[in-house]
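J.: Structure incoming, see below.
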Amino acid sequence: MTHERIAAALAAAVLGAASGTALGQPAEGSARLDHSGRKQVGQASFYADKFTGRPMADGTPMDPRDDNAASKTLPLGTTARVTNLETGRSAVVTIQDRGPFVPGRIVDLSPATAERIGLSREDGLAPVEVAPIEVPQPGGGVRRGVGAR
């Protein structure tokens, strides 16, 4: 390999690592994060099978059996109670990824979590309330959210 190719490969690797993202999504600092602990209401969707095993924004491989979720606005590491407003069923998730990047959607759920709250593959979407339980704060520590009360 020539020095130019090595330098180009190294530059690409450094740029990719500096983005701090999984699956080409925006880095943690590029979105306005909500550290308030207030509830959010909107649509939930769930991860497609093709994302199984791929690294999420926190570096953890996406496991469809875990209670992981993606949010554009909640800080990584946030725990939250997600309630399907049609079924009344809830599950506690950890925000480990960024997304969904579709207007009106506020959370992407693992397939197992989606099933637990009554979101079927056939439906694909469900109205949900996301109530943060613990929200990591920028300076360290955590804030108790509405889901903890």
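Each residue, glycine too, has its Cβ placed from N, Cα and C.
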J.: Quick one: sort out which of 44-74, 106-136 is the region 'Disordered' according to TrEMBL.
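T.: That would be 44-74, the stretch labelled region 'Disordered' in TrEMBL.
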J.: Sort the residues of the domain 'RlpA-like protein double-psi beta-barrel' (40-129) into helix, strand and coil with DSSP and give the three counts.
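T.: Helix/strand/coil tally for the domain 'RlpA-like protein double-psi beta-barrel' (40-129): 9 helix, 35 strand, 46 coil.
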